[in-house]
Amino acid sequence: MSKRPISVEELIGKSQSAEVISKPKFLSKSERQKLSLQRNQEIQDKKRQQSTVNNGAKKRYNNSIEDNPEPKKINKKLKKGRNFNFDWDEEEDTSNNYQPLVRYDNRTNPPDLGLSDMHWSEKQIDDMTTRDWRIFKEDYNITSKGGDIENPLRCWAESKLPAKLLNILIKNLGYDSPTPIQRASIPLALNGRDIVGIAETGSGKTLAFLLPLFSYILSVDSNYLLYEHQQESNFNKPLGLILAPTRELALQITKEAKLFGDKLNLNVVTIIGGHQYEETVHSVRNGVHIVVATPGRLIDSLERGIINLSNCYFFTMDEADKMIDMGFEKSLQSILNYLPASEKLETTIDGKIFNIKKRITLMFTATISPPIEKITKNYLMKPGYLFIGNVGEAVDNINQQFEYFGARQSSDEILDPKKLDKLFSILRFHKDENRNYSIIIFANFKKACEELAYELSRKGFSDNTVIHGSKSQEARERAIDSFREGKDKILIATDVAARGIDIPNVSLVVNYQMTKKFDEYIHRIGRTGRAGNKGTSCTFIDDGDSEVFLDLKKFLNKGKKKCPEWLLKHSSTQSQILRD
């Protein structure tokens, strides 16, 4: 039986009651406060009832542990108030009665670990132990030999450099902390020790010898510097000499030296090929304190009497291994013979004027070869050997890539279509992936550099420039400045022309032709990945380069880099395995 429908009267009644319920009722302020107090009282009553039950259990638990618990002292300074308000009662917090075995506040009384447990960076230099220095050297990958090697430099403030030199270094030039080669070599050089520094290009060697050199000159008798050195008979007698293998490196060193020299009122002169002798004569007319030179032009200047090294007791050879490779071994020996002997300091007044007991000779090199050892033995006195990093091993921050072309197909490998197409492809990809790119392309011959520049311009890479030995000095300087300033994005160069050039932020190095000497491969790829930056190298290689395959394999294995499959399977590397 179906249910009867609702009557009209009932329907009207429900509608009226719903309207009453839905219509808001406005209360006065006093009524709202009264209602709020009533609700809060009901909540507190419920909490109090629940707390009575919990407190009974809590007291029974506390009495079973300790009859008279000691009240916990609270540091008023630390307890500024509760950060959170939970639903339960504060009396329910059992952590207030926690009794630690040892009372200790981490925030107010840090533990005294003792000097032996502190890291070397947290200690004063006088508190450093033998173990601390060993850890310090490991941190910066510094090793040494030669006996009585002084501890490295922890920071500029702890060095013995003159205050005015430190002020220029830190405040004016912004050198916050030393590099590993600077940490290791500066303390030795400041104490007059001869040094053989083995470090790669780009490790900060320039400051490693410039700072001790300027420090030495500032220690020379002030009356000599102000008066006697200014006499016409001493105008061409430098107090320090720096030799570099190439003109570009010499100019680079000069530029950095003048940052200090100009502020210290010391004259720095460059003697390199490509400049007229009259320019050198004019440069030393007002006196010279430091000479930066290449070996060949310096010997010419010495023979012509333009320069006199009789007062030069501070001598530096930068990239000495490269000077030997370029055939300057005899020139180096001749220059060393022009320098005054240490005995002169003992037998004349020079010892008091120049404030040293022996001539100081610094030599920086990437490798130790027999000619380097010969020069060291004959001309350096009990040198300290400083090894920075793993010289000769693969650089971790350089991604080394290879393009293997198998057997050499074309007699003219420069214009090989496959190699050119691959080069264009690599350059386009790198350009698209890197907004601020800077690329160096190495070739073995001057003609190859010129042909590559022409082909690149044809394919839309007109922002390239070329340097090689046949370029005039002015043209080479102009090309390097243009590349360094970013006007040209691609530099095409031979090894000799590019050795020692410090171009920051090179993002890609392309070895369009593999070098015949494997050491040069290391120097080439070292143009990128400097100062902690990541870099990429790409090397074009074929069977015609098999004479360096074994060295390349050893180099990659030693640096824990992945060897390409073609290199592992090549006959030139397999035959060595059988012999071993």
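Glycine is treated like the rest: Cβ placed from N, Cα and C.
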> Looking at the ranges 126-129, 318-321, 342-345, 462-465, which is given as motif 'DEAD box' in Swiss-Prot?
Replying inline: 318-321
>> I'm validating the feature mapping. Which of 154-183, 274-303, 364-393, 394-423 is tagged motif 'Q motif' in Swiss-Prot?
In response: 154-183
>> I'd like the Cβ neighbour count for ALA199 (ATP binding site), meaning other Cβ atoms within 10 Å of its Cβ, all protein chains included.
In response: 24
>> Please report, as numbers and ranges, the same-chain residues at least 6 past the borders of the motif 'Q motif' (154-183) whose CB is under 8 Å from any CB of it.
In response: 120, 125, 136, 140-142, 190, 197, 199, 203-205, 207-208, 211, 214-215, 218-219, 259-260, 263-264, 386, 388-389
>> When DSSP is mapped onto helix/strand/coil, what comes out for GLY202 (ATP binding site)?
In response: coil
> Counting Cβ atoms within 10 Å across all protein chains shown, which of the binding-site residues GLU200, GLY202, SER203, LYS205 comes out on top?
Replying inline: LYS205
>> Which one is it: of the binding-site residues GLY204, THR206, which Cβ has the fewest other Cβ atoms within 10 Å in this structure?
In response: GLY204
